[in-house]
Amino acid sequence: MEGELRGRGLGSSTMEMVMRCILAMAVMLPQVSATRWVVGSNMGWTTNVNYTIWVQDRHFYNGDWLFFVYDRNLMNVLEVNKTDYESCNSDHPLHDWTVGAGRDVVPLNVTRKYYFISGKGFCYGGMKVAVLVENPTPPPKASPMNEKSTSPKASPMNENSAPPKASPINEMSTSPKASPLNENSASPISTLRGKYILPAVLAISVIWDDFVHFL
């Protein structure tokens, strides 16, 4: 009994594990095509980096991520509005993405322009970046087939050109003619079938029906 219960428990736990794996894969699928952008590339999130130039040759799409790598003891990552971005005002951030590890990930899940700065005076040293997030480019549609560019038309037949005539069959050909069947003549097998076999089958069927009803 214990072995059976253990077997059932193992089966249920295995099934639960499989379901969790499937759920995890389903959650990860939409993120397969997303891009994680390291802000500043090799320089990271620091001073004396022109992030305006860094953004120019990049396209950010809904579903991408920004990865801020910086000195956690000195700097931070603040999301602000356009006015505070331009004035480097860190007093009223929209969101503080600083988690204290110096490895902050920001999801770009809304199609709009994002503004990020570093407080503590580092914004004046160039630690500010504005990112425009767009919708992903839809896949190109398949070009419809040109109705006119169908299979080449067959050249019309010349009305005056007659097809070659087939050689007539010689009416006097010596092929033997099949002798016509006499409509009044019946073969011995058909006569036997009409006189004996069919009546016998009908009689047997009637007797069988009576026997079944009698039972």
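Residue numbering: from 1, along the chain as shown.
Glycine is no exception: its Cβ is also placed from the backbone N, Cα and C atoms.
Now, the feature entries from TrEMBL:
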- 146-161: compositional bias 'Polar residues' (COMPBIAS)
- 170-184: compositional bias 'Polar residues' (COMPBIAS)
- 35-135: domain 'Phytocyanin' (DOMAIN)
- 137-184: region 'Disordered' (REGION)
- 1-34: signal peptide (SIGNAL)
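For the domain 'Phytocyanin' (35-135), the model's average pLDDT works out to 96. Each residue of the domain 'Phytocyanin' (35-135) gets a DSSP state, and the totals for helix, strand and coil are 16 helix, 34 strand, 51 coil.
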